[in-house]
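Asks: The feature Mg(2+) 1 binding site is assigned by Swiss-Prot to 101, 123, 125, with sequence analysis given as support. Summarising the annotation, Swiss-Prot assigns Mg(2+) 2 binding site to 123, 126, 290. Feature annotation from Swiss-Prot assigns substrate binding site to 126, 127, 128, 129, 218.
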């Protein structure tokens, strides 16, 4: 049998551009540069310990244990991935600036390179704590429009709601490397052919099922959850004998890219909600380069993304590294959790069902 003729990422972008006769082509160039950065990172991840890239990054004193702006220990691959994104994307003339999880301030395009009309924000290596144990990690990115006429970008230029995104996506470095992308017209998945070095369209028009029996949450934080989340998880754990009348499965990988990918493939709901573990942090995940890109993908695939109180893409950012509570996935489940937040009368009073029937029963 003849091989299936698959569309390459380049061909896909050309087809998308044909829908907009006035488009300049610069956007396509930007996405292809992002894809190139992801290819380089995929290669580094694949070599693992053979490439000497496992373990913690060194600080200025040459000691293992460098810390980024988030106060998190950097892995060697965090640093390499960030450098790769900057190097591959700064020269093309498509960007006015970049911002990264690993950098405190926006990155200015060097003067000897032309400036473009877009902004790129990214988490160069999500889930990097999983590197040394060989669990899937990924890169997340979002494309925004830059303000016209500015000679240098500022933090304020990046503080746009998720609804302003031009494109978003992630690369998953797992058994295969995949690039999952939205340009505002659905969600499509591309698989990297390691022999040709090309991404091919393998998962067109991804759709998140509206219903699910699977949820992902870090249950070790259960004592810090707000009442609506406690109620939802308790009902799921009660299974067929509870108010939902069906059994649920729980998943947790500690890599949001891997969690999001599973949900895009087969449905589910992911929760890293606001909690009381650290009152100084209203959430764990970062709005601009983690929550918003995944929210755009979920909404474009028929799912939903929320804080529990409002849609993620309607949140007005207040800072480059702003953290936020995140709930996304199958639409009906996310809307149910939102409804529980709406019904909440006392934020400090958990549902009785949580204590009576949950596996995470509070101590007497």
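Glycine is treated like the rest: Cβ placed from N, Cα and C.
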Asks: Does DSSP give residue 127 (substrate binding site) helix, strand or coil?
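Replies: Once the DSSP labels are grouped into three classes, residue 127 (substrate binding site) ends up as coil.
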Asks: Looking only at C-alpha atoms, tell me how far residue 126 (Mg(2+) 2 binding site) is from residue 101 (Mg(2+) 1 binding site), rounded to the nearest Å.
Replies: 9
Asks: For residue 101 (Mg(2+) 1 binding site), find which of the binding-site residues 127, 128, 129, 218, 290 come within 10 Å, Cα to Cα.
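Replies: Close binding-site residues: 290.
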Asks: Which of the three DSSP-derived classes (helix, strand, coil) applies to residue 218 (substrate binding site)?
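Replies: Assignment for residue 218 (substrate binding site) reads coil.
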Asks: By the DSSP assignment reduced to helix, strand and coil, which category contains residue 101 (Mg(2+) 1 binding site)?
Replies: coil
Asks: Sorted by position, what residues of the same chain at least six away from residue 218 (substrate binding site) have a C-beta under 8 A from it?
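Replies: In sequence order, the residues whose Cβ lies under 8 Å from that of residue 218 (substrate binding site) (at least 6 apart) are 252, 254, 272.
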Asks: I want the residues beyond 123, 126, 290 whose C-beta is within 8 angstroms of the mean position of the Mg(2+) 2 site's C-beta atoms, in chain order.
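Replies: For the Mg(2+) 2 site the neighbour list reads 101, 122, 127, 138, 139, 140, 256, 257, 285, 286, 289, 293.
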Asks: Could you list the residues of the same chain, at least six apart in sequence, whose Cβ is under 8 A from the Cβ of residue 290 (Mg(2+) 2 binding site)?
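Replies: For residue 290 (Mg(2+) 2 binding site), the qualifying residues are 101, 123, 126, 140, 256, 326.
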Asks: I want to verify one value. Collapsing DSSP to three states, which class is residue 290 (Mg(2+) 2 binding site)?
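Replies: The three-state answer is helix.
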Asks: Specify the count of other C-beta atoms within 10 Å of the C-beta of residue 128 (substrate binding site).
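Replies: Step by step: centre on the Cβ of residue 128 (substrate binding site), count other Cβ atoms within 10 Å, giving 24.
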Asks: Would you mind listing, in sequence order, the residues at least six apart from residue 125 (Mg(2+) 1 binding site) in the same chain with a Cβ closer than 8 Å to its Cβ?
Replies: 41, 75, 77, 78, 81, 82, 131, 137, 138, 139
Asks: For the binding-site residues 101, 126, which Cβ has the most other Cβ atoms within 10 Å, all shown protein chains included?
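Replies: Counting Cβ neighbours within 10 Å, the top one is 126.
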Asks: Other residues with Cβ within 8 Å of the Cβ centroid of 101, 123, 125 at the Mg(2+) 1 site?
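Replies: Going along the sequence, the neighbours come out as 78, 81, 82, 100, 102, 122, 124, 126, 128, 139, 140, 289, 290.
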